[in-house]
Amino acid sequence: MSAARKHTALPKAQILIEALPWLTRHNGKIVVIKFGGNAMIDEDLKAAFAQDVVFLRQAGLKPVVVHGGGPQIKAQLAKEGLVSEFKAGLRVTTPEAMDIVRMVLAGQVQRELVGLLNQHGPLAVGMTGEDAHTITATQHKPEIEGELVDIGRVGEITSIDTGAIEALLADGRIPVISSIARSADDGHVYNVNADTAAAALAAALGAETLMVLTDVEGLYADWPNSDEVISRLTVSELEKLLPELSSGMVPKMEGCLHAVRGGVPTARVLDGRVQHSILLEIFTDQGIGTMVLPDPVPGTPRGGAQ
Ligand SMILES: Nc1ncnc2c1ncn2[C@@H]1O[C@H](COP(=O)(O)OP(=O)(O)O)[C@@H](O)[C@H]1O
Ligand SMILES: CC(=O)N[C@@H](CCC(=O)OP(=O)(O)O)C(=O)O
């Protein structure tokens, strides 16, 4: 062995050492990961996602997965001859469509993710927001052009009970949650946007971070004209930007805002198309995507969190 080889750390060892301060910092902390339907584009990505989540669990963190499934719902509605329509960024959900939303999210997408995670051991347990009153909602009527519009069985979260999730975490499990809620008023089940559900759960659980995996690199400053990603912004900066945002980014960035305002130290939007983006973000110095931070406290240096 040459002298140089003997005294230089191997690249793989350097990567592990770089992870050390992050492992220490995140040990025992809850991390809520939202896996968007658009990020579940191929089998390799889904398998890599499952590896990352199990890695976090084995490294001493407490991951909680909230999944979406917009494209999968759209495909099933089309098969049944039903139209997909969005208003104010939310799916118009008739009672008939609600049955399909519930079947696709809880019966297909969630089952697949639980299966992939459990290839690594008896870790994942699937549930919906209906279970143990985890997410309670009321009918959401968005305001469009000054009027409240009825978009059917779309839920607005009224309360979160974290008991069942905390019991699973204490038992070493990985909760995998579908964004469906029950109403205490009328007993109906409601379709909740998965970004919104993930953000509300992150705040209620006192998570260390919220990670939203999607099919873009992060929040683009001037979408769709440019692909320049905003790497960091404070909640006040985000609040000013919100009225300019469109489509899928609206619930995502509103969710990040809600989570950070609710006490979650950071919320991030990451490119779910990049394999192992979760590990890169949590365990390396190389921040990717967009990070939302609290406003700096006057007199302290700006945003040092990762
Ligand atoms: N400013 C923006 N930056 C990035 N993406 C944006 C922006 N505005 C709108 N989008 C759109 O939001 C989409 C992501 O939201 P969505 O389709 O709901 O994904 P998911 O299924 O992951 O929740 C992107 O693919 C992009 O088309
Ligand atoms: C009310 C509402 O719009 N609910 C969403 C729930 C699924 C979701 O949010 O999936 P993504 O994260 O993949 O977009 C829907 O029906 O598509």
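Glycine is treated like the rest: Cβ placed from N, Cα and C.
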Inset, instruction - According to TrEMBL, Gly69, Gly70, Arg91 bind substrate; identify which of Asn191, Asn225 is listed for that same site. - result: Asn191
Inset, instruction - Measure from the Cα of Lys34 (site 'Transition state stabilizer') to the Cα of every one of the binding-site residues Gly69, Gly70, Arg91, then give the nearest. - result: Gly69
Inset, instruction - May I have the list of same-chain residues other than Gly69, Gly70, Arg91, Asn191 whose Cβ is within 8 Å of the Cβ centroid of the recorded substrate site, in sequence order? - result: Gly37, Gly68, Ile73, Lys74, Thr93, Val101, Val104, Leu105, Ser179, Asn193, Ala194
Inset, instruction - Among the recorded positions Lys34, Gly69, Gly70, Arg91, Asn191, name every one whose Cβ is found under 6 angstroms from ligand 1, counting any of its atoms. - result: Gly70
Inset, instruction - Work through the binding-site residues one by one (Gly70, Arg91) and point out the residue whose CB has the fewest other CB atoms within 10 angstroms. - result: Gly70
